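K.L.:
Before anything else, here's the structure in question.
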Amino acid sequence: MNIHAVLTSSVQVEFYVNENTFKERLKLFFIKNQRSSLRIRVFNFSLKLLTCLLYIIRVMTDNPAQSAGASHSAAQQNAPSGNNKWFYVLFPVFAQVIVAIISFLETMLLMYLSYKGNIWEQIFQVSFLLEMINTVPFIITIFWPSIRNIFIPVFLNCWLAKCALENMINDVHRAIQRTNSAMFNQVLILICTLLCLVFTGTCGIQHLERAGKNLSLFTSFYFCIVTFSTVGFGDVTPRIWPSQLLVVIMICVALVVLPLQFEELIYLWMERQKSGGNYSRHRAQTEKHVVLCVSALKIDLLMDFLNEFYAHPRLQDYYVVILCPTEMDLQVRRVLQIPLWSQRVIYLQGSVLKDQDLLRAKMDDAEACFILSSRNEVDRMAADHQTILRAWAVKDFAPNCPLYVQILKPENKFHVKFADHVVCEEEFKYAMLALNCVCPATSTLVTLLVHTSRGREGQQSPEQWQRMYGCCSGNEVYHIKVCDSKFFGEYNGKSFTYASFHAHKKYGVCLIGIKREDNKSILLNPGPRHIMASTDTCYYINITKEENSAFIFNQEEKKGGPAGGLFDGPSQLPVHSIIASMGTVAMDLQNTTPPDASVGKLVPPTVNGAGSRRPSIAPVQELADSASILPCDLLSDQSEDDSVFTDEKGHSSTEYVKGYPPNSPYIGSSPTLCHLLAEKAPFCCLRLDQGCRHNSFEDAKAYGFKNKLIIVSAETAGNGLYNFIVPLRAYYRPRKELNPIVLLLDNPPDNHFLEAICCFPMVYYMAGSIDNLDSLLQCGIIYADNLVVVDKESTMSAEEDYMADAKTIVNVQTMFRLFPSLSIITELTHPSNMRFMQFRAKDCYSLALSKLEKKERDKGSNLAFMFRLPFAAGRVFSISMLDTLLYQSFVKDYMILIARLLLGLDTTPGSGYLCAMKVKEEDLWIGTYGRLFQKLCSSSAEIPIGIYRTESHIFCTSESQVSVSVDDCEDTKDKGDESRNNDPITDHPLLRKKSMQWARRLSKKSVRWQGASRDSSKENAQRIAQQRLNLYRRSEREELSELVRNRMRHLGLPTSGYDDLTNLTASDVMNRVNLGYLQDEQNDHQNTLSYVLINPSPDTRLELNDVVEVSVSPNTALTRCIIKKESFNPNIKIREGVCLPNPNWELVPQIRGLKAEGSASRSTFKYPRNHQ
């Protein structure tokens, strides 16, 4: 075969999308093509309306007196003549005939095009029959003039116009490619049906009544409206039976058709209420709105978002569009019906993954999109996957819309790194819980900072601590440029430390951070090396931002008269009062001229009555002396205790080094310089309760740890747990003060997690649960200072709302009873459940706090739960409290970064960190918070940000009890001895029913035994009676202590450590300030409470055991300062801090972290508050 011939021989083939016939082309034009079909339907609709209009004109111009039976001559006599005859008679008739011919031809053409083989089906269609009735008679009159006066019901064309209108609207939506609104269509159909019924009845009755009462069109219309509205005045009634029959038919049709239409409308309205409808495009272009995307909308989440979002004045005009795939529940529906929210919140049921729903929410015009994860899901990884897809969908649909994403697992964070702001729940949670162990109440501090409050909570309370605590809770973080600020503008060219101290001294604001114009990183307390520039952005803590502050100078300063220094006397201190107007603070500014070095110095009291005085506080230098600041080498270490760590018993010695962890468990973790082991520990050595070939220790006691343990109870070793370890092993933590960390896990960790933690010193794990007493004892709970209970993922969802925390609360309550001296930090799913922590029945004080919480909630407070004692003391935390951090980022885009710096999640070069310092008795000479601020700034460049205060308080368990001071209380051991000499019933109100039942049983048995054995010795009877009396007298505390001792003996553990804890005296309990809200079981009504004062007033008096939370500067790297002059108090021992040296000091350079031998304890970070 000739291949070339085959290739060259070709046949031309034409392909047609449709059949190339005349019928198909007509069908394409009249039916299939959207735009041409729309034009045909518009023409048809107009034609039907024209026929109805011509009918009305003909009726109005017709002479009713001319009847069908009148003679032809009479008709000619009464008929108009000339031009009037043409206009009034002939024109309507000819127009009707022409319209009828056009309608008839159109109908036949459409019938031909839509023919599908069954002609009878098309003939008996209602629309075809109506067309024939209204068109064929007019065509016949052309050829048969004698029947031109026949009545033709042309008004029935209104029903054909209704059908044409429905088809036309459908074609309109098809032509513009937009989804039709079923609600709009149904309303239109209902209106058209009502109009057609009224129009048909009006025209029909008017024509039939020509033989009777001869009604006009308006009278017939009036009669139909009165009849269909069921009013029925009776002034107009049909007289002849045909019109009466028509009325009956019309009423029957209305009773059948209208209810069906209304039912469909109500159904669509209910569905619309569920789906939420659309957000208007016009409103989206003229008003600002944000979109909230959630998997399931709960009432708590909704109220937290709305309260925090609308707490900012400039957001009052914003709309909130909620896009949720589930139906709105009843509680949310009720809240959104409140006028406060109904005008600003729009709920749309839909999926973020559908472009149609994003279009309904006008996502491309939104100011921001918040995507929140469903933290109550059992599978949190699946919840994160859904969040990631939502973020991708929004970014694909509206790439310019700012994204605020909440993610649960840290390993999923890198999938949404394109978002403008990301909050990883587990990162923040574990870092906050870790800092709670070394810096008390860090969780409370951060929670109060990220909540918007005016500081009015608790101001009507009779309790002094509630007024101070509530007022300080109004402090937030704000920002302003130096050149625009009156707070900081005068310190341009001065050091950061100098500006921070004098701004607090003069205005009561706490400067905590700075950002250079050419640098995106925020520096937390960069120290005296940083020189303030006019383009720097300052970040400060205050009751309100500077723009809302009014400055009021006192009369002495205005007159230029002499004024004392800030700390010359309590009356000279600045007073900051809140004005009633929204967000405005008036500040009375005192003379803040720097005092003379020789006049007005801070002189502490004499020591032990001797003539010698302690040195005064040195002034804060404007510029740091570069010669006195040594270079900082983080990786070198020359401290006497940092090179080798040897445990108490000398079992082993381990070398520590500083470096970055070699193995990160997830992508995106911030590198942090930490204390590490020189060599990785084998996996077998990480197991606390099992020995291996490297060591034989099987419990915490055998290791002989020098410091108290930190125990973390979690369900699984997730990657987020890595962020609990890193802050506690950060390079600035002194090595001698590192606490051993024990992970008590329900499920054993995998090798990937062990590989990440094996480089950290003194980190162990153990399989067990907090509801197992043996596990708690083996992991060393009696040697622990802190027990952190992490919320378990498997219990986060429950059939009944707020029951997800039931198991955790009961387990913590059990441990609280078994180990009363243990500091337990608990994470809860629902913040409202914190009222059950450390629960005591018949506690009148808790009842009073509950009433206070309700009052604050009624006043609109966003922090109604803040007065709950466990929260105020930092003993309980819920991650949902940090949702406001993401919401605040919409107004304050720096909040997430500042929170990460405070918690140690990010370590920016040149930025400081958070730590704590406890005030001891020998430090009380400082006097006030303002003097402490000066001392820390001048000596170690530390910036205090708040106080964690613990004080004694009387909690009456019943209304009839008499309050007794804790200071007058004797030791619990002595009270126990005295109680044995008194009546057991009156002196032991806390005896348990179980003990009493045992005592009664023994009493009955002893009586029977005595009756059966009369010859037994009297000594045995006395022994049984004494045993019964001892059981009867035994308190709950003693029973629990005996239970723990028995389990320890069974496990082979020494009981000496537990005996020391059970014999704590009342004064010992008071000294354990980190316990927060601790209950003495022997004296149930005597307790301590703790709370946080953020940025307190400078004249706030320091109290014994106050823990000052400070921000430490990273610029200096000295670990020991030997004081040569009296300008520094040698008794102050600062831990975890950095000391800014005086040029006259003799310096010993060492690595990061100051360790001066003395008496002041550890330094902690909290923010000072300018309002008292």
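Cβ from N, Cα, C; glycine included.
A quick note: this is a predicted structure, and the numbers were derived from the prediction, not measured.
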K.L.:
To which of the residue ranges 214-233, 294-313, 334-353, 414-433 does TrEMBL assign the term transmembrane segment?
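P.N.:
The listed stretch tagged transmembrane segment in TrEMBL is 214-233.
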K.L.:
Short question: which residues 6 or more past the ends of the transmembrane segment (214-233) have a Cβ under 8 Å from it?
P.N.:
56, 59-60, 64, 194, 197-198, 201-203, 205-206, 247, 250-251, 254
K.L.:
When you scan the chain for residues with a C-beta under 8 Å from the transmembrane segment (245-270), skipping those not six or more beyond its ends, what do you find?
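P.N.:
For the transmembrane segment (245-270), the sequence-distant neighbours (Cβ-Cβ under 8 Å, at least 6 residues beyond its ends) are 182-183, 186-187, 189-190, 193-194, 197, 200-201, 204-205, 208, 224, 227-228, 238.
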K.L.:
Within the domain 'RCK N-terminal' (707-847), count helix residues (DSSP H, G, I), strand residues (E, B) and coil residues, in that order.
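P.N.:
The breakdown for the domain 'RCK N-terminal' (707-847) reads 55 helix, 29 strand, 57 coil.
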K.L.:
Going along the chain, which residues at least six beyond the ends of the transmembrane segment (123-144) come within the CB cut-off of under 8 Å?
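P.N.:
Residues packing against the transmembrane segment (123-144) from afar: 51, 96-97, 100-101, 103-104, 107, 111, 150, 152-154, 156-157, 159-160, 163.
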K.L.:
What residues in the same chain, six or more past the boundaries of the transmembrane segment (187-208), come closer than 8 Å to it by Cβ-Cβ distance?
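P.N.:
Those are 52, 55-56, 59, 151, 153, 155-156, 158-159, 162, 165-166, 169, 215-217, 219-221, 223-225, 227-228, 238, 240, 242-243, 246-247, 250, 253-254, 257-258, 261-262, 265, in sequence order.
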K.L.:
How many helix, strand and coil residues does the domain 'RCK N-terminal' (287-423) contain under DSSP?
P.N.:
59 helix, 28 strand, 50 coil
